[in-house]
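*Asks:* Annotation source TrEMBL lists compositional bias 'Acidic residues' at 476-488. What TrEMBL lists as domain 'SPX' is 2-145. According to TrEMBL, the feature region 'Disordered' maps to 467-497. Per TrEMBL, the feature transmembrane segment maps to 251-269, 281-304, 316-333, 339-357, 378-400, 412-430, 546-567, 579-597, 673-696.
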Amino acid sequence: MVNFGKRLMADQIPEWKGYYINYKLMKKKVKQYGQQLQLGEKDRRRVLKDFSKMLDDQIEKIVLFLLEQQGMLASRIEKLGKQRAILAEQPDISAIAELREAYREVGLDLIKLLKFVDLNATGIRKILKKFDKRFGYRFTDYYVTSRSNHPYSQLQQVFKHVGVGAVVGALSRNLADLQERQGSYLSIYDQPSNALKDPIIDMINSSVDKLTRSTNFLRFLGQHALIVGEESPSTAEEEEIEDQKYHFMSLMLNLVNTFLYMVNTYIIVPTADDYSVSLGAASTVCGVVIGSMAVAQIFSSVYFSAWSNKSYFRPLVFSSIVLFLGNVCYAMAYDMKSLTVLIVGRLLCGMGSARAVNRRYISDCVPARIRMQASAGFVSASALGMACGPALAGLLQWNFKIYMVTFNQSTLPGWVMAVAWLLYLVWLSISFKEPNRATDVIDTQQNSASVQRADIEQLENGLAQPLLRDSGSKQDEDDDDEEADDSEEGAHDSRKPATSIGSAYRLLTPSVKVQLLIYFMLKYAMEILLSESSVITNHYFNWNTSAVAIFLAILGLTVLPVNAVVGTYISNMFEDRQLLMVSQIALLVGIIFSFKITSTYSVVQYVASALITFVSAEVLEGVNLSLLSSVMSSRLSRGTYNGGLLSTEAGTLARVVADGTITAAGYLGIGKLLNVTLLPSLVICATSIASTFLTYNSLF
């Protein structure tokens, strides 16, 4: 196995050798501290202090050199700017060409500096992880928390590459201005943003994107799917293998499956209470009817995720058949006058949840260059399904019989979805193409070195250690072997996915656990709002099914516009953790405003509070999953127990608990239903805000 330190020696810039983080020295210090603790020569507190000081010194060395290089680049750009001003008055084609080449040379040096920052940032993360593993201590949390906002800390200079953006902007502007626009009176700001760019600009932007997470709408939306892709560029051979596995129609079938499932989930919400009453149950039993689908989904998500390790086509076929049968049972329960059949139908629908397969197909079979678009499509399909479900229910207001089979507002959602899944099954059988899994084996065998390089680029699995080694030193070779065999950075171990719930849980840091708690909380609050809406509005305002359907559809339609605003504008102005805290507080305000405190409860109060709650939850979900995709280990992006499965389980469990709460609260009377169900939301939301506050400084 090729040690990454040797590759790093070849990649680093020789004349900058002394300014990289001395990873080898720090690794030896970690080992030495372990021995000193065992012998009692030092206590844990002294070790933490010494190691913190050493890491502070390393970071200061990096930052001072970074600032020096930034100043040199800025000075060069300033001198070139003076030459450019002279040429603007006396144009000379050859001189302009020389000036453009000079700017390009600055651009190449800037790319070298960006790579320098990238290697050092990775090295800092890796040595912190190594320290944590050696001592079983959450030193990373302490170090980042204590230095994230301190006025004297230089940690953020590295991770936020402060000042580089100004150099990038100046260089890009001048290069773009020289590109194909000599002699024109127009500024680059008068030109389309997608105009032809100098290749150097694209290289710079690529390097910057690798250093910092982009906040454009597409990436922001795509991160909601928790589909983690490789950050490093693929080789031509790897891209060819990805293309062999990719099939556009198969991707579309997975997205349609996602859309139909969300429609299936929410199409019954406006009528579930009336259906329950028609079968002789209380209207609040709608909580059990709606939630039974989520109960089954808790289990189906696991076996579908495991099944997708072997096939994508067969689980999708099974999903379609089970959903067809489930919807038929749901519709037939009316004529059979059986609440049991109704609930069994919804359980079957939950057993057909193939969202784990949909997500896994995008992760495994869609080329990296379009994976973010596919991930955004996955989220958009879910959002549209959530809005279309209630809207469709509002249109199904007919009442007739065919051969003793009743078709009305309660049963038509089941019949319509049964037909939809049957048609989908036919389309699936004709058009789906199972990817060739043999290419995975070939890829592993023939491109193991490329796989290792890709892994190294990952935040958790990269290893930045400019080894100041003597090629003839036997000790250095021993150290390299020790690192390859004994550390978590080994290529095989770092790629190994979680194989059980327990191993997945052990990969969860406190920050990730808090994000999962927040996800549970927001899904709980949203489910309470949506599932009891029909009962609450009928009790207080006498709304009919159509009115409830329109109300829920309008709420659902806010999903994409809200995410567009947050992803395109707001997230560029504020940090994700700031948006996380603000949206939680707004959600708390919405919940408080929803309580019935006075003797009267107006439509204005209900609609306004519901809108605040739902929109806040949508903003919170976007920011929450964006942060979760950043802080979660890349080992949870693969295998059965991946990050997508964990978040799905957290959200599904929240829905189960929320729907159970509605039914349980119904025994206290419909008049108390609203306040009783809102109280747990209030408590959980306050708890998540407190947890966010405690882990705030470690959220990056």
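Heads up, residue numbers simply count up from 1 along the chain you see.
Backbone N, Cα and C atoms are what each Cβ position is placed from, and that goes for glycine too.
In TrEMBL, annotation is done automatically, which means it is predicted and not curated.
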*Asks:* For the transmembrane segment (378-400) and the transmembrane segment (251-269), check the count of CB pairs under 8 Å (sequence separation 6 or more) and say whether it reaches 3 or more.
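*Replies:* Since 3 or more Cβ pairs under 8 Å link them, the transmembrane segment (378-400) and the transmembrane segment (251-269) do come into contact.
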*Asks:* Answer yes if the transmembrane segment (339-357) and the transmembrane segment (251-269) have at least three CB pairs under 8 Å among residue pairs 6 or more apart in sequence, and no otherwise.
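*Replies:* Answer yes, regions in contact.
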*Asks:* Which sequence-distant residues neighbour the transmembrane segment (546-567)? Criterion: at least 6 residues beyond either end, Cβ under 8 Å.
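*Replies:* The answer is 215-221, 224, 266, 269-270, 379-380, 383-384, 386-391, 393-395, 397, 530, 533-534, 537-538, 579, 607, 610-611, 614-615, 618-619, 622-623.
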*Asks:* For the transmembrane segment (251-269), give me same-chain residues lying six or more residues beyond its boundaries with a C-beta closer than 8 angstroms to one of its C-beta atoms, as numbers and ranges.
*Replies:* 275, 289-290, 293, 312, 316, 319-320, 323, 327, 330, 346, 349, 352-355, 357-358, 361-362, 365-366, 374, 377-378, 381-386, 388-390, 392-393, 413-414, 416-417, 420-421, 424, 427-428, 431-432, 530-531, 533-534, 548, 552, 556
*Asks:* Under the DSSP assignment, what numbers of helix, strand and coil residues are found in the domain 'SPX' (2-145)?
*Replies:* 127 helix, 0 strand, 17 coil
